[in-house]
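Participant: Here's a structure for you.
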Amino acid sequence: MAEFPKVRMRRLRKANLRWMFREARLSPENLITPIFVDENIKEKKPIESMPDYFRIPLEMVDKEVEECLEKDLRSFILFGIPSYKDETGSSAYDQNGVIQKAVRRIKAEFPDAVIVTDVCLCEYTTHGHCGVVKDGEIVNDETLPIIGKTAVSHAESGADIVAPSGMMDGMVKAIREALDAAGFESTPIMSYSAKYASNFYSPFRDAAESGFKFGDRRGYQMDIHNAREAMREIELDVKEGADIIMVKPALPYLDIIRMVRERFDLPLAAYNVSGEYSMIKAAIKNGWLSEEAIYEVLISIKRAGADLIITYHSKEIAEKLQ
């Protein structure tokens with residue numbers, strides 16, 4: 001291999017050349033915008049722990065989507081704040097539930113918008129856990145039919161992609177079988193395959209009113225110390241029928257994103273989660289970082305190997321990319 005002075009790495013770093021040789025690129029098409037749909041409010045409600053982010057009333061969700069489409073953001077993931085909760089999360093699969101109504105409302109106005117729906121029970125249960133609880137334990141197998149039923153109700157409402165996030169063993173298989181049996185063989189599953197029991201979720205739990213009433217989620221979400229375990233989780237999801245795999249969170253787990261990219265050929269999503277968002281926004285508001293840090297964060301996730309990024313920064317970064 002040639003050396004200096006024959007090789008001068010700075011030759012390709014001239015201002016009018018740099019863009020030609022960028023190995024990772026970011027565009028609005030790569031971004032998925034989260035929307036918190038709340039059927040209990042009539043006006044947008046600021047989320048205290050997520051600066052500049054809001055809960056959106058059901059009646060205004062189509063307007064929120066329209067604003068994003070004007071910025072070339074075409075893909076959305078919906079999280080619901082329902083009007084009622086119970087022990088088993090039955091409002092998750094209610095055909096008149098908040099997500100079901102939101103999907104129908106959006107699709108009626110914007111049929112080409114890509115709607116991903118979060119399939120989990122934590123927002124719909126009184127205890128705030130992601131599965132059925134018996135004697136203080138989250139019961140895996142009894143949860144599976146409920147999340148299967150929930151996924152079908154989302155597909156019936158018009159969801160383009162369903163995204164199970166509860167980290168129940170066998171959840172992808174249960175959803176794939178339920179969708180196929182209901183005639184939705186072509187509905188893709190984006191699995192939260194490697195979802196870590198992270199401290200970076202706290203603002204989301206405020207936003208979605210999904211905080212747990214007892215214990216924690218370390219019995220079903222992944223241990224933050226483990227990397228090889230993530231490969232096992234993803235391999236199982238692939239075998240069960242996942243079409244898209246995901247790593248969550250993103251920034252503290254760039255090593256996992258890279259490992260997944262090198263081992264699996266499926267489309268890979270990464271979730272730039274609420275704590276990552278709030279951390280960066282707080283630093284910007286205090287003058288400790290410039291807004292350019294947002295782009296650097298997102299391009300680092302892309303560079304690590306993610307095809308898609310779920311991010312609360314989508315609208316502000318899309319404006320800069322236009």
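Each residue, glycine too, has its Cβ placed from N, Cα and C.
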Participant: Just to be sure I read the record right: C120, C122 are listed as binding Zn(2+) in Swiss-Prot. Which of C68, C130 is listed for the same site?
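Facilitator: Only hit among C68, C130 in Swiss-Prot's Zn(2+) site, alongside C120, C122: C130.
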Participant: Please determine which of the binding-site residues listed here (C120, C122) has the lowest count of neighbouring CB atoms within 10 Å.
Facilitator: C122
Participant: Pop the Cα-Cα gap between C120 (Zn(2+) binding site) and Y312 (5-aminolevulinate 2 binding site) into the table, whole Å please.
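Facilitator: On Cα coordinates alone, these residues lie 20 Å apart.
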Participant: Which one is closest to K248 (active site, schiff-base intermediate with substrate) in space, judged by CA to CA distance, out of the recorded positions C122, K195, E233, S274?
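Facilitator: Closest by Cα distance to K248 (active site, schiff-base intermediate with substrate) among the recorded positions C122, K195, E233, S274: K195.
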Participant: Using Cα coordinates, what distance in whole Å links S274 (5-aminolevulinate 2 binding site) and K195 (active site, schiff-base intermediate with substrate)?
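Facilitator: Rounded to the nearest whole number, the Cα-Cα distance is 14 Å.
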